[in-house]
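Here's the structure, in structure tokens; my notes come after.
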Amino acid sequence: MTTILKHLPVGQRIGIAFSGGLDTSAALLWMRQKGAVPYAYTANLGQPDEEDYDAIPRRAMEYGAENARLIDCRKQLVAEGIAAIQCGAFHNTTGGLTYFNTTPLGRAVTGTMLVAAMKDDGVNIWGDGSTYKGNDIERFYRYGLLTNAELQIYKPWLDTDFIDELGGRQEMSEFMVASGFDYKMSAEKAYSTDSNMLGATHEAKDLEFLNSSVKIVNPIMGVKFWDENVKVQVEEVTVRFERGHPVALNGQTFSDDVELMLEANRIGGRHGLGMSDQIENRIIEAKSRGIYEAPGMALLHIAYERLLTGIHNEDTIEQYHSHGRQLGKLLYQGRWFDPQALMLRDALQRWVASAITGEVTLELRRGNDYSILNTVSDNLTYKAERLTMEKGDSVFSPDDRIGQLTMRNLDITDTREKLFNYIETGLLSASSGNGLPQVENLEHSDKK
């Protein structure tokens, strides 16, 4: 069976991930007019820039959908977002600022839940608005086939007939008007935006040029913290975790995790927390650039890692960072539910997150400027009295440290011998100044 259909399957049911925007509206109407039977599925991901979800399925029906459904994905999305925080599943960082993989998390949830809904309706052909140059086409492909082994893929943007007729936004808008729909294109922005309740992605168009900065972006989850005319009040916030799960903000508990994430977004958003500018490697190995918002994820991540460093030992923390980066890359590639990802998730959630219980108080200022004011946990292995520089009872004595240092003589001797060996082979040169060997100029060494 052919998995990817290059041309419209006339007379067959096609499920389309319907956003209500111009692209998917024109695609749905075009498919109906050409003889297919489109079904529209809209994911409620708590997008901060969406005002009326209920209106989206109604529009789909007007444009010719056989049926239109709104699928509430918010609870599952937040669950996956918290899992990513517990595992540190983030691999793209620049200058200490993190991209929280909010779009890949959204695709994992959308790609599975919408296809599951389609399968229930007897719809086994799926289309969405992802382009062939991006990451989403592969993410949706993987998650769709994982959910429904009989799934076939039809994307209007891979169909030359569709492209020839409606290859651009102007053509799509004219097509909608000619078909009797008073569809006006939204004002053209200098970049495109995709969002869910975990975060927002701004990319493409002007942002493809590195001399266009964050300053051209209008945040949808926070404030323009770089603009001195925007007033930002210093704010203290306390975040509490129990067994790796965020449970309270400023002492307030929440009926569900969705409400907690929304409040975390509001708190972090007041400061522009979690906004970053990243150059990343797409799945196809080409580099792209994005500007990201994730105020709630950033707030929870900061508090979580503060507790992590105070509770776990050095090697566990090292494994958390190493495995977290691996897992973040798998998530980015659309492999969040693959066995290798599940193995890493299980280890990190079972042995790392389960011990993270406590409370962290932060002072938030502008953007990513913050201070940690207090850290409280019954599980802390950090004990001030163990290494206090003040006089008092100590867990070990000066004689104990002398013995420990004496044991170091073994590896110091080995290291010194190796350094002299490197001098003999020409990799290092002896120094007449400070007595330490010096690395030879590589070009000079090659000529030897």
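Using the three backbone atoms N, Cα and C, a Cβ is placed for every residue, glycine included.
Some features that Swiss-Prot has for this protein:
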type	residues	note
BINDING	Ala17, Phe18, Ser19, Gly20, Gly21, Leu22, Asp23, Thr24, Ser25, Ala43, Gly129, Thr131, Asp136, Asp194	ATP binding site
BINDING	Tyr99, Asn135, Arg139, Ser192, Thr201, Glu203, Glu280	L-citrulline binding site
BINDING	Thr131, Asn135, Asp136	L-aspartate binding site
Cα-Cα distance linking Thr131 (L-aspartate binding site) and Ser25 (ATP binding site), given in Å to the nearest integer:
16
Of the binding-site residues Asn135, Ser192, Glu280, which one has its Cα closest to the Cα of Ser19 (ATP binding site)?
Ser192
Can you tell me whether DSSP puts Tyr99 (L-citrulline binding site) in helix, strand or coil?
coil
For Asp23 (ATP binding site), the one of Arg139, Ser192, Glu203, Glu280 that lies nearest, given that the binding-site residues are compared by Cα:
Ser192
Tell me, by DSSP, whether Gly129 (ATP binding site) is helix, strand or coil?
coil
About how far apart, in whole Å, are the alpha carbons (Cα) of Gly21 (ATP binding site) and Tyr99 (L-citrulline binding site)?
26
When the Cα of Thr201 (L-citrulline binding site) is compared with the Cα of each of the binding-site residues Ala17, Gly129, Thr131, Asp136, which one is closest?
Asp136
Cα-Cα, whole number of Å: Asn135 (L-citrulline binding site) versus Gly129 (ATP binding site)?
12
